[in-house]
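See below for the structure under consideration.
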Amino acid sequence: MCDVVLGSQWGDEGKGKLVDLLCDDIDVCARCQGGNNAGHTIVVGDVKYDFHMLPSGLVNPNCLNLVGSGVVVHVPSFFQELENLEKKGLNCRDRLFLSSRAHLVFDFHQRTDKLKEAELSENKKAIGTTGKGIGPTYSTKASRSGIRVHHLVSEDPEAWEEFKTRYHRLVNSRKQRYGEFDYDVEEELARYEKYRELLRPFVVDSIEFMHTALVQNKRILVEGANALMLDIDFGTYPYVTSSSTGIGGVLTGLGIPPKTINNIYGVVKAYTTRVGEGPFPTEQLNEFGEALQTIGAEYGVTTGRKRRCGWLDLVVLKYSTLINGYTSLNITKLDVLDSFKEIQVGVGYKLNGKSLASFPEDLIKLGKVEVEYKTLPGWETDITKIKTYDELPENAKSYLKFIEDYLGVPVQWVGTGPARDSMLEKPISK
């Protein structure tokens, strides 16, 4: 059976830390979608490991790790990330596998990503992408003109010529749209000829890989990237990523049936953050937002961009819960709220004086909503040294209980600091 870790807000919730905790007891960790536009930081002892494309389970020496079919892979970044982990002492090369069906991100995808974003900026409609080429790669995938891993590593005598043909076709179509690129596309092609041999040992048939693990009753953890509110279908479109970031993306990105899913863990930051453009109803453009940003050290792992900050939005989380069906929650960074005398929580939206029954799909409406807040008392106590859930201040427990009652989902873990062991587990009834 598979357990799944998913982001429930706009990303940066701290999914990697829960994955790291759960990886102590699993056999396989799999990424199902996204690319190196995601970012996790995991702290083991005094060492920080940054993950963008590769599964966080690599920190566990007994865990096999799969980059699934739904992931889009920039090969130079794949090897750079692997080398960075190895430099920090992780011996993980023989535990990393890549789906033969995953699509490849090329440098021209990244160039077109930035060029398109620049065009949109002129009309003040920029998405705020990471510029990693993720969107353009999913676009070529959807138009059936993309290049997959198996096209690169195939040992068929005609495979390399076919790869070159596909590559030039993609490059030329982008040149027609954007003009000449500011780099040598033939040099990139030559690099990929070398990558053929380097990448081949990692490549597997991920369908066979996953179903063999399931038949053998291996304990499998699926690591979602980004978060539900960035989902291509259910997020705040068009200010979203280009993949399915919810539970549906797990099934399509790994090729597994729904009946194999056991627990679905929703990771929730104790307040709300967002990187890039797009609506953010509970955003605080004031001293509260600045305090959350400063205390929480809210900078993106992938881009280094300052994150926008605001109060917890339970309307967003209810919507997220309806789609993903969380079985329990991990509330992260609760300690960031330690110094607040009062804490506000968004519990409803009003538009033109009328309460909305659901999260609006129309961004014009969403931009005009008035958030209804519930004010809860803070605990004004340092919780970073606390080791058990029972030791939490009563007001902190009340804050967590309020979230549970609103969503109808139990809180199972509470993050109280950046360290690997700064996570309290709360017993829940199944």
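A Cβ is built for glycine as well, from the same backbone N, Cα and C atoms used for every other residue.
Binding of IMP is attributed by Swiss-Prot to Asp12, Glu13, Gly14, Lys15, Asn37, Ala38, Gly39, His40, Thr130, Arg144, Asn226, Arg305, and the same site annotation extends, among Thr112, Thr165, Thr241, Thr321, to Thr241. In this structure the alpha carbons, written CA, of Lys17 (GTP binding site) and His40 (active site, proton donor) are 8 Å apart. Applying an 8 A CB threshold to same-chain residues 6+ apart, the list for Lys306 (substrate binding site) reads Gln293, Glu298, Tyr299. You'll find the Cα of Gly39 (Mg(2+) binding site) roughly 7 Å from the Cα of Asp12 (active site, proton acceptor).
For the binding-site residues listed here (Asn37, Thr41, Asn226, Thr416), the lowest count of other CB atoms within 10 A around the CB belongs to Thr41.
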